[in-house]
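Listed in Swiss-Prot:
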type     : residues : note
COILED   : 178-232  : coiled coil
COMPBIAS : 276-286  : compositional bias 'Polar residues'
DOMAIN   : 2-133    : domain 'ADF-H'
DOMAIN   : 377-436  : domain 'SH3'
MOD_RES  : THR26    : phosphothreonine
MOD_RES  : SER160   : phosphoserine
MOD_RES  : LYS176   : N6-acetyllysine
MOD_RES  : SER277   : phosphoserine
MOD_RES  : SER280   : phosphoserine
MOD_RES  : SER283   : phosphoserine
MOD_RES  : SER291   : phosphoserine
MOD_RES  : LYS296   : N6-acetyllysine
MOD_RES  : THR299   : phosphothreonine
MOD_RES  : SER311   : phosphoserine
MOD_RES  : TYR340   : phosphotyrosine
MOD_RES  : TYR350   : phosphotyrosine
REGION   : 185-371  : region 'Disordered'
Amino acid sequence: MAVNLSRNGPALQEAYVRVVTEKSPTDWALFTYEGNSNDIRVAGTGEGGLEELVEELNSGKVMYAFCRVKDPNSGLPKFVLINWTGEGVNDVRKGACANHVSTMANFLKGAHVTINARAEEDVEPECIMEKVAKASGANYSFHKESSCFQDVGPQAPVGSVYQKTNAVSEIKRVGKDNFWAKAEKEEENRRLEEKRRAEEEKQRLEEERRERELQEAARREQRYQEQHRSAGPPSPSSRTGELEQEVVSRSRQEWESAGQQAPHPREIFKQKERAMSTTSVSSSQPGKLRSPFLQKQFTQPEASYGREPTSPVSRPAAGVCEELAPSTPPSAQTDDEPTYEVPSEQETLYEEPPPVQQPGAGSGHIDNYMQSQDLSGQGLCARALYDYQAADDTEISFDPENLITGIEVIDEGWWRGYGPDGHFGMFPANYVELIE
């Protein structure tokens with residue numbers, strides 16, 4: 001609630017005017033509240049200065065004091081406003097009266113120093129006069145200054161500012177300047193030398209790193225050569241690579257002769273998976289079974305047995321490449337008629353192939369190599385040189401030194417086979433090497 005100055009307005013104004021009047025003997029006035037209301041009344045006035053005013057302050061009330069003092073520096077009158085909040089006042093009253101400070105300051109205008117006091121130590125006359133002296137901003141006595149002119153007599157002639165040069169001190173100063181210039185130059189040279197040495201050290205470390213890499217590459221190459229020499233002559237692997245290239249090129253030629261563009265290996269694999277998933281077992285004759293597995297093994301052209309034991313037959317019309325299956329030894333093919341026959345869409349039954357003609361010296365090695373693969377029962381196998389992570393579910397993952405079995409050469413850059421986890425999928429051909 002706002003403070004009320006109108007109820008006792010004439011008495012308040014009269015006390016204030018008596019203090020601000022310079023010729024009036026009254027030099028202080030004290031104001032307080034009427035009971036617990038917000039009405040301001042005059043608590044007292046006096047002529048005894050700050051010492052008398054301090055004695056009238058009550059520690060259980062909120063009071064406002066306005067006092068006239070003399071500036072100790074200039075001797076001019078100064079006015080001091082004291083906002084007194086006693087230590088015995090409750091917190092609720094303190095909060096309510098805190099909003100009245102600005103209103104009382106507007107009413108008691110002209111104060112040079114405002115002091116917010118809570119204890120007697122805050123209103124000691126010495127402390128108040130010290131604050132008044134600091135607030136004046138001038139260290140002179142207005143009444144002590146004399147306005148009369150005083151003749152102090154003739155002034156002495158002004159001396160010259162010339163100073164004789166001291167050679168010794170000049171030499172020392174110049175020498176000192178040269179010393180610091182030399183020190184700065186040496187410091188700059190030292191930084192350049194450190195930078196040059198750091199560059200040389202960096203180049204030396206780079207050269208050592210290159211040499212270590214070359215030596216490690218040479219040792220890896222040497223170990224690779226030793227492994228190949230210990231495994232046997234490299235001719236079968238080279239001939240196997242030639243056979244793989246021939247298989248891939250023949251597959252592409254068959255696609256081109258059929259007027260179609262060779263599909264990507266990934267598309268071939270997906271089409272083959274779809275074809276195998278949609279193939280169902282059809283009705284068969286009594287005493288015979290139909291097997292897609294025997295279809296893939298026994299429908300090879302007869303000419304392929306004598307020429308390329310590992311050559312897969314590409315079927316452009318079906319849209320997929322047949323698996324690369326090792327040829328069966330002639331002794332195993334002289335049994336009775338098999339109890340399996342191919343599905344109805346391919347009615348060609350397995351028949352005993354004609355006797356294999358005697359191949360040349362080069363093809364003999366290939367036959368021996370493929371027969372060794374047949375005996376292993378794993379098909380075409382390879383060892384991983386690097387690690388590879390599958391990009392999707394149509395590929396397989398493997399680590400270095402893992403074995404990949406049942407490999408089918410479906411493209412020059414992509415093969416497919418069974419990974420170490422048994423999953424069948426594609427993988428890059430340059431990540432593996434065939435096992436001789």
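Note that Cβ sites are derived from N, Cα and C of the backbone, with glycine treated the same way.
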Three-state composition of the domain 'SH3' (377-436), taking helix and strand from DSSP: 3 helix, 26 strand, 31 coil
Residue, out of the modified residues THR26, SER160, whose Cβ gathers the largest set of other Cβ atoms within 10 Å: THR26
Distance [Cα-Cα, Å, rounded] between SER160 (phosphoserine) and THR26 (phosphothreonine): 61
Three-state composition of the domain 'ADF-H' (2-133), taking helix and strand from DSSP: 50 helix, 38 strand, 44 coil
Pairwise Cα distance for LYS176 (N6-acetyllysine)/THR26 (phosphothreonine) [Å, integer]: 72
LYS176 (N6-acetyllysine), number of other Cβ atoms within 10 Å: 10
Per-residue pLDDT averaged over the domain 'SH3' (377-436), given as an integer: 89
